[in-house]
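**Student:** Annotation comment: TrEMBL describes 244-285 as coiled coil. Taken from TrEMBL, the feature domain 'RING-type' applies to 84-120. Here TrEMBL flags 175-245 as domain 'TRAF-type'. Under the heading repeat 'WD', TrEMBL lists 346-379, 387-426, 545-588, 589-619. As annotated by TrEMBL, zinc finger applies to 175-245.
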Amino acid sequence: MTMPGSSQPIPYLKYADDDEDAVFLNQNNLAISAEVGEKTVALGSYLMPSSRSRKNSNISSRSIMEEENEVLVFVDSPNRKLFCRLCERVFKDPVIVSCGHTYCKACVQSRSDGTCPVDEEKLVVIVANIAVSEQIGELMIHCKYGCYYDEKLKSYVADPTRCPVKIRMSHRKDHESDCDYMPVECPNNAGCPPLLKKDLEDHLRSCNNVNCPYKKYSCDFIGTQEELEEHLKSCRFEGMKEFLQRIDEKVNDLQMHLNQKDQEIEFLRSMLGRLSERLENMEKSVDIKLELVERNQSKIMDEILDNRKDISALTEEMSHINMRINLGATAGAYDPISMFKCKGTFVGHLGPVWCLCAMGDNLFSGSTDKTIKVWDTSSSYKCVKTMEGHTGIVLALCTYGNKLFSGSQDCNIIVWNVDTYESSHIIKAHDNPVCTLVAASNMLFSGSLKVIRVYDVHTYELKKELTGLNHWVRALAATNEYLLSGSYQTVKVWNINTLECVRDLETSGGSVYSIAITNHHILCGTYENCIHVWELNNFNQLETLMGHSGTVYALAVLHTASGTKVFSASYDRSLRVWSMDNMICTQTLVRHQGSVACLAVSRGRIFSGAVDSTVKVWQ
C-alpha cells in the first residue's frame with residue numbers, strides 16, 4: 001500500500017502474538033536518535049512487536065491504528081520522574097498509593113505480590129495523581145498517523161512524509177480522530193484500495209464502485225458518481241421512492257414489534273420454568289417434612305419424659321446450691337455483702353459516652369456530641385455544666401491538681417480549670433486523634449497512632465515522644481514507678497523517670513483497649529474478649545480471665561472490705577466484677593442498652609458510660 005504520489009509505504013502497526021508478552025525497546029525508556037538512511041528520527045518508549053508476525057490476521061489498518069498506546073513517539077525525551085517504577089513506561093492513569101509513591105493504576109491492580117518495590121508497603125490506591133497526569137498531558141508527541149514501524153530499529157519512528165503534526169498528549173484524541181492521514185476504506189466497495197482520509201473526497205468523485213441507492217430492491221447498477229446521476233433519471237425505483245420509504249418504515253416497525261414479542265415469549269418461558277421448578281421443590285419439601293413430623297412424634301414424647309427427669313434433678317441441685325450459699329461454702333466466690341446494684345442513671349448526652357473521669361463530687365463525661373458534661377454526684381445528681389470547645393468526638397479525660405485534660409478526635413488536648421469549668425489552654429497534640437490520656441509525676445501522657453507524647457503538666461511544653469509502638473495506643477496507666485501503654489498484642493512498661501522502655505508484655509487477643517493496675521497486679525483488656533493478668537513486682541503472667549463475649553473497652557479497680565475488685569466493661573453491653581483474691585467473676589451487671597465503653601471510680605461507687613448515651617451509677 002502506498003501514498004498517492006509517493007513510493008513511501010503507508011505505515012501500519014504490528015502487534016505481538018496473543019501468547020507472547022510485549023517487551024521494551026530499551027529498559028530505561030529514554031528517547032534516543034537513530035540514523036535511518038540520511039534522516040535522523042526520534043524513537044519513543046513504545047512496545048516492540050513480536051518477531052513472529054500474526055498469521056491470517058483480519059485486523060484492518062484502521063482498527064490497529066486506534067490502539068494509541070502502541071504508538072508513542074515523543075518529540076523530546078520525557079523527564080525520568082514521569083516513568084512508573086513497575087512497568088518502566090511513562091505513567092498511564094497515575095495514582096498515589098498508601099505509602100505515598102505514584103504508579104500506573106493498571107500496574108497496581110495487576111501486581112501479584114501487592115507490595116511497593118521501594119518500601120515493601122502494601123499497595124492500596126488512595127487517589128489519582130492529577131498533577132502528574134497534567135504534566136504527562138503537556139508532553140509533545142508525534143501524531144500516530146505520522147509514524148511508521150521501522151524493521152531495522154524494531155521501533156516506531158516519525159515519518160516526515162506523513163502527518164507532520166506535533167501535539168500534546170492531552171490533545172491527541174481530538175487531533176487523531178480527525179487526522180487527514182488516518183487510513184480509511186471506501187464506503188462504496190470493499191474492493192477499493194486503502195485510502196487516507198484527505199484523499200477520500202477525490203476518490204469518491206472517480207470511484208467506479210458507486211452502487212445505486214436502491215440496490216436492496218434488486219437494482220444492480222454499479223458505476224461512477226456521474227453515471228449514477230444519469231442512472232437515477234431512468235431508474236424504475238426512483239419514481240417509487242416515497243412508497244418504498246413508507247414500506248421500509250412499516251417493515252422496521254413490524255420488526256421492532258416482533259423482537260418485543262420474542263422477548264416477552266422468552267421471559268414467559270423463563271418464568272414458567274422457574275414456577276415449575278419451585279412447584280417441584282415445594283412438593284419434595286412437603287414430603288420430607290411430613291416424614292420428619294411422623295419420625296419425630298415418638299422422639300418428642302421421649303424428650304418430654306427426659307425433661308421431667310432433668311427438671312427434678314435441677315430442682316434438687318438448686319436446693320444443694322442454696323444450702324451451700326447459706327452455709328458460706330463459697331466464700332470469696334459469692335459474697336452477698338459485695339453485690340453491686342444500679343443506683344441511678346445520668347441522661348443528657350446526645351451521643352455515645354466514650355470517657356469518664358471522677359474528681360471529688362464531680363463526674364466528667366465525654367461524648368460523640370463533642371461536649372464534656374459535669375455531673376454532681378453528692379446531692380442533686382444533675383448536670384451542672386456542659387463544656388464545649390472540641391470540634392470532634394471527646395475520647396479521653398484525666399485530671400491533675402485543679403486541671404481537667406480532654407483529648408479528642410480533633411487531635412487536640414484542651415486544658416480546663418475545674419473550679420470555673422472554663423478552657424485555659426489548647427495543646428495541638430497529634431496528627432491523629434488523641435485516644436487516651438493519663439497524668440503522673442508532673443507529666444501528661446497522650447496516646448495516638450504509634451506514638452506517646454509527653455508534656456509538662458504545668459507549662460504544656462512537649463518534653464519527649466515515645467516511639468517504637470506498633471499500632472494505635474488506646475490505653476495508658478501510670479504508677480509512681482512505671483507508665484504502661486497498650487497497643488497491638490503488646491503492653492509496654494516504661495520507666496516513668498527516664499521514659500525508657502524496660503519491658504514488653506506480650507498478649508494474645510488483638511489490640512489492647514484497657515489497662516488497670518492494683519497493688520499487686522497489672523490487667524489489660526483486649527479486642528478478643530479476654531483480660532490478661534500479670535504480677536506487678538516481676539511481670540510474670542498469672543491468668544487470663546474469660547467471660548465477656550465482646551471487646552473489653554475499660555477496666556477499673558475498687559478496694560472493698562471483702563478485697564480488691566476489678567470491674568470490666570465490654571462491647572457485649574455488660575459489666576463484670578472480678579475478685580482478685582481467686583481470679584473469678586463474682587457478678588455480671590447488665591442494665592445498659594448499648595456497648596459499655598468507659599468506667600470511673602469515686603467514693604466506693606462505679607460509674608459506667610455506654611453507647612446508649614447514658615451514665616449509670618453502681619454501688
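Cβ atoms here come from the backbone N, Cα and C positions, even for glycine.
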**Student:** Grab the same-chain neighbours of the repeat 'WD' (346-379) for me: Cβ-Cβ under 8 Å, and only residues 6 or more beyond its ends, written as numbers and ranges.
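**Tutor:** Sequence-distant neighbours of the repeat 'WD' (346-379): 385-388, 390-399, 404, 406, 408, 416, 418, 421, 594, 597-603, 605, 607-617.
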**Student:** May I ask for the residues of the chain that lie six or more residues beyond the coiled coil (244-285) and have a Cβ under 8 Å from a Cβ within it?
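**Tutor:** Same-chain residues near the coiled coil (244-285) but 6 or more away: 214, 217, 237.
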**Student:** Could you break down the residues of the domain 'TRAF-type' (175-245) into DSSP helix, strand and coil, giving a count for each?
**Tutor:** 33 helix, 8 strand, 30 coil
**Student:** Within the repeat 'WD' (387-426), how many residues are helix, strand or coil going by DSSP?
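**Tutor:** Counting residues per DSSP class in the repeat 'WD' (387-426), I get 0 helix, 26 strand, 14 coil.
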**Student:** On the DSSP side of things, how many residues of the repeat 'WD' (589-619) fall into helix, strand and coil, could you say?
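**Tutor:** Taking the repeat 'WD' (589-619) as a whole: 0 helix, 19 strand, 12 coil.
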**Student:** As a quick check of your reading of DSSP, tell me how many residues in the domain 'RING-type' (84-120) are helical, how many are strand and how many are coil.
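**Tutor:** Final tally across the stretch: 6 helix, 9 strand, 22 coil.
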